[in-house]
Amino acid sequence: MTPPFAGEGAAVPVAGCRERPVMRERGQREVFCGLTGIVWLHRKIQDAFFLVIGSRTCAHLMQSAAGVMIFAEPRFATAVMEERDLAGLADANDELDAAVARLLERRPDIKMLFLVGSCPSEVIKLDLSRAAARLSDRHAPAVRILSYSGSGIETTFTQGEDRCLAALVPELPRVDNAPPQLLIVGALADVVEDQFARLFAAMGLDTVCFLPPRRAGDLPAVGPNTRFLLAQPFLADAAKALEARGAAHIAAPFPLGAEGTTLWLKAAAQAFGVDPMCFRAATAAPEARAKRALAPLEASLAGRRVFFFPDSQLEIPLARMLSRELGARLVEVGTPYLHRQHLAEELALLPEGTVLSEGQDVDRQLDRVRAAAPDITVCGLGLANPLEAEGLTTKWSIELLFTPIQGYEQAGDLAALFARPLDRQTRLRV
Amino acid sequence: MQLTVWTYEGPPHVGAMRVATAMEGVHYVLHAPQGDTYADLLFTMIERRDKRPPVTYTTFEARDLGKDTAELFQATLIAAHERFKPQAMLVGSSCTAELIQDDPGGLARATDLPIPVIPLELPSYQRKENWGAAETFYQIVRTLAGSPRGKAMADRADRDRRPLCNLLGPTALGFRHRDDVAEITKLLGEIGVDVGVVAPLGAAPDDIARLGDADFNVVLYPEIAGVAAKWLKRTFGQDFTTTVPIGVGATRDFIAEVGRLAGGAVTDAAGRISPSNLPWFSRSVDSNYLTGKRVFVFGDATHALAAARVATEEFGFTLCGLGTYSREFARDMRAAAAQHGLEAVISDDYLDVEASIAEAQPELVLGTQMERHIAKRLGIACAVISAPVHVQDYPARYSPQMGFEGANVLWDSWVHPLVMGLEEHLLGMFRDDFEFHDGARPSHLGAGARVEPAPEMAVRASESSSAVTAVAEAAAPIALGWGSDAEEELRKIPFFVRGKARRNTEQFALERGLAEITVETLYDAKAHFSR
């Protein structure tokens with residue numbers, strides 16, 4: 001990092017070891033594919049539409065992952081490939097063009113369309129980036145058409161958002177001689193985004209931009225003076241794409257819990273040379289409020305043994321927050337993929353000796369969780385009820401994606417998500 | 001390519017999973033990419049099963065494609081056999097694995113496991129979930145059914161032996177399958193017929209081997225068990241039932257059919273069978289208001305065909321639409337619809353179904369979870385009669401669809417969403433009452449307004465179908481030609497027939513060259529069309 005952006009990483013207490021041993025596993029993975037990210041992305045970018053080019057399985061996944069079907073016509077759909085589409089690629093492209101034309105005619109409100117690749121479209125090598133370019137020519141300027149892959153053979157769950165944001169980066173307008181600009185990367189609940197914007201404004205950073213934007217037309221500009229802060233731990237490709245545009249990454253832990261939020265904000269503040277007094281003035285009150293909200297939950301979570309199955313890549317920041325702010329003990333922290341560089345500040349904060357696992361062999365992991373009998377098991381929907389039936393208390397991990405959990409005001413809510421299953425156990429007498 | 005938002009059926013390997021999950025001692029190894037494991041949650045969350053489905057996925061990734069995915073499949077198969085120690089295994093591909101053409105069946109043969117391994121060929125780009133379930137069950141039966149001992153047993157049977165049948169078709173994730181099995185087993189017991197094997201639900205490979213012991217088969221769900229039942233008839237000479245016992249009349253017909261198949265051995269049932277309350281409830285005077293209510297029926301073929309009969313013969317409703325997403329049963333459905341002067345809706349595109357419902361203007365929709373949402377948007381009452389299912393379709397209480405208790409359940413669940421008779425009259429008489437207006441929900445369903453069609457509906461409607469447009473317009477300001485008095489009067493007509501009244505009146509006026517529609521015209525038209 002070059003001046004005037006001083007002190008990258010200096011916000012992080014140097015504790016623990018960054019070169020922790022990691023158990024790498026290979027076997028059946030009980031995780032969603034990247035298509036699932038569409039479930040929140042289509043709500044985040046309000047005039048964007050996500051068209052999956054896939055199979056009936058993809059459509060069925062979207063329907064099932066959305067849990068209850070969102071019948072207020074969702075802004076996603078699947079172009080289901082059929083036998084005849086597989087016969088010849090030229091045919092598949094014509095079919096795709098027709099499907100897009102039909103869709104855009106039906107939904108004139110759409111300003112940005114993502115063609116989302118799936119396992120079958122990747123395997124037959126349907127070139128969606130070329131299709132997007134061709135269709136963009138046809139439908140410009142009314143609709144911008146982009147593509148990314150959310151296929152299970154390339155992406156795990158939240159990596160779908162990463163690919164989507166990476167696909168947006170080349171579309172961002174270029175700025176060269178602008179003053180230093182802070183960009184927050186990663187989909188956040190609108191309420192959380194507004195809270196962060198207010199906190200940054202209170203520190204004097206009042207031109208903070210967010211990616212993804214709420215509207216397709218509001219893409220933030222990027223250039224060599226852009227410094228970006230990741231709001232989510234799963235944005236490897238998006239970060240790389242931003243760096244290729246000259247933007248610089250501000251290393252930080254992630255804004256989960258009171259401590260995490262402060263460290264995250266502080267990393268930005270230091271990079272922008274915010275006066276420490278000004279930083280404290282902006283954050284002291286909400287940080288204290290977050291700690292007050294966490295205090296009553298500490299009683300139910302302190303000393304509890306927590307086991308994380310790999311799911312969203314949020315596991316390591318969550319484990320850090322549970323152990324440092326609520327006194328929970330970590331049995332195993334599984335993550336589908338460990339980005340050592342983006343997670344460096346988080347890993348440093350984890351207790352010595354925390355068992356980390358990357359990838360998954362679900363049957364072996366189930367053997368371990370049964371042997372360990374933790375107090376809370378954080379896992380996906382396919383595993384939760386069977387484990388409950390075996391007497392383990394679980395927390396569905398998908399709720400951690402569909403609930404605002406980042407920032408000071410949500411710290412208590414986040415802790416409550418873990419405390420609730422335990423509370424339930426103490427109430428039930430049946 | 002078919003553009004779709006929601007699907008009525010999953011891919012065919014999900015059908016295979018429904019069969020595998022229903023059974024004991026069977027394990028399914030599915031060659032599939034990471035992410036296809038989502039299907040587990042259908043069983044653990046929607047059906048609230050307390051065990052993981054017995055399915056192991058190879059979960060290959062992009063980096064495996066350059067290497068040896070076939071080897072990965074074999075290693076997975078061997079590991080799954082060792083870990084789960086099943087009595088039989090199923091192997092197959094999901095949609096993506098089908099494209100890489102690894103041939104799980106051949107690979108499984110090469111591993112030479114000491115148990116039966118059944119290869120499944122389920123073409124993902126042509127077929128769907130119910131077909132997959134039927135094909136899987138058929139392959140399991142073909143492979144494991146053993147020899148036809150039933151005939152031999154029957155031949156040397158003593159005269160007092162009770163007839164023995166199998167119940168075929170119930171699976172995991174079925175619409176009330178578990179309760180239907182209990183109800184029909186009870187009913188058969190009451191008429192003196194024993195149930196040998198229930199399959200696939202709860203059956204182990206050993207049980208499949210005993211299928212041949214039975215005298216005949218009861219096919220509960222033809223979509224799933226039809227192919228297997230036909231094979232058992234060809235191979236073991238076992239007849240099978242063709243009546244699905246949903247509703248009072250069909251249950252009586254079913255008993256008669258079972259009697260024929262059991263060779264008249266069925267005991268006189270009069271005293272033993274607990275009858276249904278439906279006939280009396282339907283004849284009771286307060287049910288008069290149900291007469292001729294317009295009902296739209298859509299679902300899988302089994303449940304939709306049954307509901308059409310029950311709705312008309314046992315509730316006194318008028319069928320205004322009938323259809324299915326089960327294309328395999330299109331012919332049966334068209335024939336049934338024709339009996340009611342209707343053209344069947346055969347479609348798996350819910351937008352088409354939505355347009356058909358809007359056009360038919362029913363007062364009650366009997367459908368799937370899809371139609372429940374459609375009905376909610378259109379402000380029409382709805383009861384769910386068929387898969388696809390939602391967690392709400394797995395009630396804690398005993399709630400069969402079949403048999404006489406099933407008929408009681410149908411009565412309660414179909415009448416419940418409707419406005420009660422007297423309340424309906426009051427609604428008609430005091431249309432402008434601030435609490436009793438069009439938008440009010442039936443009072444027994446609690447406070448709250450009917451859900452108005454979403455604004456985007458109008459946008460969609462204008463492109464997707466003229467029928468939906470008609471409904472959207474029925475709520476919109478009246479166009480030219482209508483006098484303000486007539487317009488006012490039209491609003492007093494219940495919303496669900498208003499669109500039709502409007503169209504009829506306009507047509508009447510047009511045919512007579514009337515420049516303006518007055519209150520008189522409205523009632524002239526009403527008299528004209530009610531003849």
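Backbone N, Cα and C atoms are what each Cβ position is placed from, and that goes for glycine too.
Caution: TrEMBL annotation is automatic and unverified by curators.
Over all protein chains present, the Cβ of B:ASP286 (active site, proton donor) has 10 other Cβ atoms lying within 10 Å. In this structure, B:ASP286 (active site, proton donor) is part of a helix by DSSP. Feature annotation from TrEMBL assigns active site, proton donor to B:ASP286.
Annotation comment: TrEMBL describes B:ASP36 as [4Fe-4S] cluster binding site. Counting only residues at least six positions away in the same chain, the Cβ atoms of B:HIS13, B:LEU30, B:TYR57, B:THR59, B:SER94, B:THR96 sit under 8 Å from the Cβ of B:ASP36 ([4Fe-4S] cluster binding site).
If you look up TrEMBL, you'll see B:GLY421, B:LEU422 marked as substrate binding site.
On the 0 to 100 pLDDT scale, the model's mean across the domain 'Nitrogenase/oxidoreductase component 1' (B:12-418) is 93. Annotated domain 'Nitrogenase/oxidoreductase component 1' per TrEMBL: B:12-418, in sequence order.
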DSSP-derived structure type at B:ASP36 ([4Fe-4S] cluster binding site), helix or strand or else coil: helix
